[in-house]
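Contents: one structure, followed by commentary.
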Amino acid sequence: DFGRSSELAFVVEPSDDIAVQEQPLILYCQVEGIQPITITWRKNGAMIVDSENAFMLANGSLYVSRFQRVRGDGSSDEGEYDCMAQNHYGLVVSRKAKIQAATMSDFHIHPQNAVVEEGGVARFQCQIHGLPEPVILWHKNSMPVNTDNERYTLLPKGVLQITGLRAEDSGIFHCVATNIANVKFSREARLTVSGSHSTVYKDPMILVGPENLTLTVHQTAVLECIATGNPRPIVSWSRLDGRPIGVEGIQVLGTGNLMISDLTVQHSGIYVCAANKPGTRVRRTAQGSLVVQAPAEFVQHPQSISRPVGTTAIFTCVAQGEPPPQITWLRNGQILETSDHIKLKNNNSTLSIYGINQTDEAIYQCLAENSAGSTQASARLTVLWADGLPSPPQGVRAETVSATTIQVSWEKPLQNTKEIIGYVLHIRKAADPIEMEYQEAVSKSTFQQLVTDLEPSTSYSFYIKAYTSRGASKASEVTVVSTLGEVPAMPSLFIKVINSTAVQATWEPSIKLGQHEGFKLYYRKVHLSQYTGPVLLASNVTAYNITHLDASVVYEVKLLAYNQHGDGDSTVRFVSLRETVERTVLNPPCDCMKDEQNNKTSTTGIIIGIHIGVTCIIFCILFLMFGYRGRLLMCKNVQEQLSTPQIPRSQRNTAGLVLNGAARRDRDDRDLNGKQLDMNELERLFPASLSQEQQDKGIMSAHSPSAPHDDTQISTLPLDEFSIIEEQPDPLPKPPRGGSPPALAPDHGPANEG
């Protein structure tokens, strides 16, 4: 570690200045550090060569003999100057000093004649631009205005306010502007005070409110507010955000002007001037914003460091200011270019240099700059290299073992191997930045390492360093190899029945699938060996509708994901459409238009039913009062009168017979005659259901809506799907005397499905 005096650093830096035409100018620059030190100057980034007009003094300062804003050749001495200092360890650059010529323009606002009644308020203003800011004084009748008179208020921006006017205030006024460049006089204006003080009531009125100001810390802000009215209004100030203005550095000029001395960033805000009529809530307001800027300054300076070859060097530079400063890094006076091993992070506040070597040894500077000013700080990087360190490991090889594993092997260094205490394997994805690198330590007797938990189809870079107690060797040659690819994982699959001839296959996107190019979908009838497909689907597709299916058979649906390495494992589901067909026969699809038209009829029927029930209850209660027998007869008569007509039971039973008996037997006969299923395949898929079906002779499945069902992996399959024993039609039982034939199917009410 080196002491502060050994570091190359600035003791005095050039500062911003305003130069006078044809006058000499000196820019100071003083440096400390290990000699010899060479100092040079630049203007606007170009080197300054010593000449008769500008040359460097023995102490390193720059002397300009006759400053000129514009020379005969069109050049100018105005600009940004900086000095550079260099020794054996590096080079540093000072902050930029902005040099401007002193100037003064003509007045662009002159005072105007005014006629004001006695007791009123008079205001004169003159305005002029110049560098540095001109000082403006007022004269009355060619004599300086008496500033001891409390009724006269002079504001820094060239405003003269006179309150409580009297006859002796009449006269001729003008202003005088002065700076190092010139002295100028404004035009004259006459003030006439007329009449006597008026007692007529006048509402408060703000003649001039505060302007928007942008200033720098430590300057003084004057917010003007002048109001009139009768009675004389009371002027008060507040902040729009409700924060207190405070008292330190705050002063009221005249009758209502606010002056804030030694500005800080906390003084920024919107200020409100209010003119209140005494004793009332009558008020007028005006507002203006104050922006206080702060030049950049360092909160944390970069520190000089020493690091062994192959390690990482980190410099931190934190600056603050208003507006927030921009940070730039220099290396030996030149803009630092980032690369794979040089990175800037945290809005350039952190400089990281990975795997340092002798070429990285330099002086690094942090420049912080905003619109209010700039500053710089420097630090030196010393790269340590000990004699007798091992040479780089030799023969580094990497071989792919699997999609997630690579084996790296190497040979011991050629020189200085006795003090080796181990090796470090450096690993990172080839596409990642160097800061994403990670390491694995290996014992000194091991010359290979199995690297696991890698990503498939990804390139990785590897290099080795040998370590001793005194430091590390240089890095070995870098080798790059890719892991093997792997096929995608098995996707999840769900089957949804849409109607009697279509199903929808859906699956979920998942990162567990890995890298995949798309999906392949197959489907077939279970008793056939050949699949329909593949249907190729993009990787972003998650559903597919399979249509034109046969409702009388079971289908197998298969889905798999694929990529350039092949097909992944498939997911298989079985589905039957028979149950959907039966629901459609028993419950025909609704005619939505007709249902919509019958909504009113349904509502009316409900209301009539309610009235019938209420009426019956009332009558029954009345009948309790006249005896059980009479009550029973009356309820029977009322029910016969109010009941809606019913379909004869014989017609219902006959309809049920046709619907559930003959129709289903005819369909089963057609299925049996049209195709024969493989008994072995059915026994494999549905062993329990088939034995039960043989026991029941297929009769229950044909006549009972509650026949047992068997399940595949997902979809339910009604057992009557496979009634393979031919049914013998049962003889219709003879109806009992005087009765209707018995119903062979249950009397189903209207279905609410679909």
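Just so it is clear, glycine is given a Cβ too, placed from its N, Cα and C backbone atoms.
Summarising the annotation, TrEMBL assigns compositional bias 'Polar residues' to 643-654. Annotation source TrEMBL lists compositional bias 'Basic and acidic residues' at 663-673. Marked as compositional bias 'Pro residues' by TrEMBL: 730-739. TrEMBL lists 8-100, 105-192, 204-287, 295-382 with the feature domain 'Ig-like'. Taken from TrEMBL, the feature domain 'Fibronectin type-III' covers 392-486, 487-583. Under the heading region 'Disordered', TrEMBL lists 643-678, 691-754. For 606-626, the entry in TrEMBL reads transmembrane segment.
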Query: Per the definition of 3+ C-beta pairs under 8 A with sequence separation of 6 or more, do the domain 'Ig-like' (8-100) and the domain 'Fibronectin type-III' (392-486) touch?
result: no
- request: Could you tell me how many residues in the domain 'Ig-like' (295-382) are helical, how many are strand and how many are coil under DSSP?
  value: 3 helix, 54 strand, 31 coil
Field: Mean of pLDDT values spanning the domain 'Ig-like' (105-192)
entry: 93
